[in-house]
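*Asks:* Take a look at what Swiss-Prot says about it:
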- 1-47: domain 'F-box' (DOMAIN)
- 139-167: repeat 'LRR 1' (REPEAT)
- 169-194: repeat 'LRR 2' (REPEAT)
- 201-236: repeat 'LRR 3' (REPEAT)
- 271-296: repeat 'LRR 4' (REPEAT)
- 323-348: repeat 'LRR 5' (REPEAT)
- 363-389: repeat 'LRR 6' (REPEAT)
Amino acid sequence: MDRISSLPDEILEHILSFLSTKEAALTSSLSTRWKNVFVFVPSLHLDYARQHENPREFIDFVDFVNTLFNRKGNSPIKKLALKIHLKDNQSLQNQTHVQSWIHRVLSRGGVTDLDLFITFKGKFQLVPLLIFKSNTLVKLRLGRGFTIKLCHENVYLPMLKTLCLDTVDFDGDHNVFETLLPRCPLLEELVLEDQRWKQWCGSVSSPSLKRLRIRFFHIPIISLDVPGLVYLELSCIFGSKYANVNLDSLVEARLNHWVEEQELRKLRDGSSHLVPADMMDLITGIRKVKVLHLTSDALELFYFSGQELPMFDNLVYLSIASDKKQGWQILPLLIKNSPNLETLVFKGLEHYTTKQCGDACVCSGILGKSSSCLSSSRVKVLEIWSYQGTSKELKQMGHFLMKLQFLELVKIRAVSNLQVPIDIQYLLKLPRASSNCKIQAIF
């Protein structure tokens, strides 16, 4: 007997848990010793996500899963990961199988991780009522492209800590979180990806939530009453109104807003019907963060909010994505209002040229005549991503080095597809206001 086969069942089951259930089942042909080991692996990874054309293949898959459940008997299942693609002409029958498998896993108890990824050929499909009652479930992921019927009495997840909803809808509930969140009292992480809740009012309220990630195309009104939240990632198109923003414990925020080019032009010439000031409640709500990441659109939306920025007294790390179509107008005030900023990251240096950049950049040609945001900043670390070594970028780097008096380290990350190597010597020879400043180039 080989050494692996002599290992205890518990260890063999743990090894097989890293394989898909289909792959683990293949080990049953190795010897009598291996015949039933895979059956008792506490995690199931069932994958039928490919768009098979042969109906017989799905029948074989269903038979395999049903046989597996029968052979497992009452042995515990800690995790179920199910990826499956359903065709329109067989969807109702196939949904019944899926619903049965989920019920069998939840009803036996002990499951801590449930990951369902169901896709359909064609339009959104209605999945029959799913009963989510479990005293042990810790992680639940649902996706993508289907509608769930959800009733108040069919949801009770007292141990759930992570909930991920990826492109799913809920039938007949204008505010699904009034049903879900109160029945998940320990929930710490909520992920909402590309939701299609046409009737959702955009409200999230939870005293236990620590991490929240939302990615929607558009939500008219967003309410965030999550006083214990420490991480927020928000991605949506400009136009949402923010109300009741309670983020007193927030440590890190990623604002990935985007603005259509035509709408951005209207904002600049004052003809937009949208109200940029509606973002001010969000900006004020995140004022206590230590780490802030902004897309180029989000940075410009800060400027068009039309009101004085709050003080970001706790901010130590600021990351800004730059694009030639978006400006740095708000950057001088943002840096000025961040007195404890230590690390400043630019994901690219190219940006839309305006006269409002102050001495943050060299593009306007009015250096020294506007706010001295860089000269008064105590930034110690400056990072530049996607550096191409152009003459304009080199000039901008020289400006940073001469204005930031407390710099200790400059990290330069070159763009990956450079055709001509960057001569680092030009950077190293630039004069610096700080005698302790070192330059580190990563190519």
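Cβ atoms are placed via backbone N, Cα and C, with glycine included.
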*Asks:* What residues in the same chain, six or more past the boundaries of the repeat 'LRR 2' (169-194), come closer than 8 Å to it by Cβ-Cβ distance?
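*Replies:* Sequence-distant neighbours of the repeat 'LRR 2' (169-194): 124, 126, 143-144, 146-152, 155-163, 200-201, 203-206, 208-217.
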*Asks:* How many helix, strand and coil residues does the repeat 'LRR 1' (139-167) contain under DSSP?
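*Replies:* Helix (H, G, I), strand (E, B), coil: 3 helix, 19 strand, 7 coil.
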*Asks:* From the DSSP assignment alone, can you count helix, strand and coil residues within the repeat 'LRR 2' (169-194)?
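*Replies:* Secondary-structure breakdown of the repeat 'LRR 2' (169-194): 7 helix, 8 strand, 11 coil.
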*Asks:* Summarise the model confidence on the repeat 'LRR 2' (169-194) as a single mean pLDDT, whole number.
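*Replies:* Averaged over the repeat 'LRR 2' (169-194), per-residue pLDDT gives 81.
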